[in-house]
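In Swiss-Prot this protein carries:
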ACT_SITE  Glu269  active site, proton acceptor
ACT_SITE  Cys303  active site, nucleophile
BINDING   Gly246, Ser247, Thr248, Glu249, Val250, Gly251  NAD(+) binding site
MOD_RES   Ser2  N-acetylserine
MOD_RES   Lys91  N6-acetyllysine
MOD_RES   Lys128  N6-acetyllysine
MOD_RES   Lys252  N6-acetyllysine
MOD_RES   Lys353  N6-acetyllysine
MOD_RES   Lys367  N6-acetyllysine
MOD_RES   Lys410  N6-acetyllysine
MOD_RES   Ser413  phosphoserine
MOD_RES   Lys419  N6-acetyllysine
MOD_RES   Lys435  N6-acetyllysine
MOD_RES   Lys495  N6-acetyllysine
SITE      Asn170  site 'Transition state stabilizer'
Amino acid sequence: MSSPAQPAVPAPLANLKIQHTKIFINNEWHNSLNGKKFPVINPATEEVICHVEEGDKADVDKAVKAARQAFQIGSPWRTMDASERGCLLNKLADLMERDRVLLATMESMNAGKIFTHAYLLDTEVSIKALKYFAGWADKIHGQTIPSDGDVFTYTRREPIGVCGQIIPWNGPLILFIWKIGAALSCGNTVIVKPAEQTPLTALYMASLIKEAGFPPGVVNVVPGYGSTAGAAISSHMDIDKVSFTGSTEVGKLIKEAAGKSNLKRVTLELGGKSPCIVFADADLDSAVEFAHQGVFFHQGQICVAASRLFVEESIYDEFVRRSVERAKKYVLGNPLDSGISQGPQIDKEQHAKILDLIESGKKEGAKLECGGGRWGNKGFFVQPTVFSNVTDEMRIAKEEIFGPVQQIMKFKSIDEVIKRANNTPYGLAAGVFTKDLDRAITVSSALQAGTVWVNCYLTLSVQCPFGGFKMSGNGREMGEQGVYEYTELKTVAMKISQKNS
């Protein structure tokens, strides 16, 4: 049977003009109260795309007031039928489909994503996610409980209230949709702070939210820096929940701020150093490709990157050879250009961090198989890099690199590799490649990770809960559990004259 044909990918928009650079509050566009703006950089060219209004605490306060007003008892949003909330989310998905090429172009230009990926993956996944959450809107319900005594008892799942949502730069559109979709389906109101590197798709989505017909104040977007706008959200006394995707270091600060303020609910999806284990009986071609994509996709800028690759001793040399051969096939350049398969890192800081970790690998004795340096003279590009003979104590084996760098380590036994795989403060994801069903179940059960992929990698789905163990965070996004993260569970017990079964 032949595989289905890939859908046609249109050309990106030429000379895209950025329409929305202001703060979005109450369905209106505002200048920052401090009068400041910040530059948004194209990471492939290092040129300024535009300047965006820089929100800080005062702007967050303004957005919170709007969101709180929209959440008041008796407001249009609170009295709206749940099914109508779903209709609004579906309308937003339709508008995204209409403007899909524009969104993909913007995501590629601002976030450095390969345009084909931005069109076929980022926008497609986002549209499907919105439709998924739309379907949940009128299916969030409680239970009746046969409690003791002459009492009628039931539970209600109610929206938490005003939610702060802090978006990372590595998936600005997808994470925007994952967060607002779950929150809005339950009836919450939101203040979104996109990453300062990548605010453009969030601001454009704000215009579509208004066009779709969401009431004023339901969705507010405040671009700004983490140390100001992000900190204001985390510590705000009138925000009921904060959801953050980003580094473990910042996640700790957010949880601390939530605890020191009003003990707001917190969902964190943080860093990872995910193990990928390849046993000798695995389908070698498939394992090489999945492991490769697991660490090189989007220039390695993915939280679930398969950044600790454990390969069984008997196939190690051949696996390394094939991995190097695969890494050398990349064509680097502007991600908007056709034929390009690797784009830039997000900014100068991340670029320097990756190169520093590559140098540490060389100095600590890992064998550099290919790559190992900067590519080109302009843009934040890093050569696809593969290290072999990596040991567990090396920095490249312990620290999150967030770049196109593959570390390949050797193991001898199942007990050894499980112990080594779990020897990390992180626990976001893991991969296992084997044809032995018993081994697959044994290893996947033993791994301390929120998601374990068997004979595949990066197969995320909006229907499935996603989140981390240990220092990779707490709470879940997507799936039924991801929806319930945006609800409070209330028990109501009524005294009645007589209870009958």
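Glycine is no exception: its Cβ is also placed from the backbone N, Cα and C atoms.
Asn170 (site 'Transition state stabilizer') has its Cα within 10 Å of the Cα of these recorded positions: Gly246, Cys303, taken from Gly246, Ser247, Val250, Gly251, Cys303.
The secondary structure of Ser413 (phosphoserine), as reduced to three states from DSSP, is coil rather than helix or strand. Other residues of the chain with a Cβ within 8 Å of the Cβ centroid of Gly246, Ser247, Thr248, Glu249, Val250, Gly251, the NAD(+) site, are Phe244, Lys252, Leu253, Ile254, Leu270, Gly271. DSSP assigns Thr248 (NAD(+) binding site) to a helix.
In terms of Cα spacing, the recorded positions Thr248, Lys252, Lys435 that come within 10 Å of Glu269 (active site, proton acceptor) are Thr248. Cβ neighbour density within 10 Å is lowest for Glu249 among the recorded positions Glu249, Glu269. Put simply, Thr248 (NAD(+) binding site) is 29 Å from Lys367 (N6-acetyllysine) when counted between their Cα atoms. Between the modified residues Lys91, Lys252, Lys353, Lys495, the minimum number of other C-beta atoms within 10 Å of a residue's C-beta occurs at Lys495.
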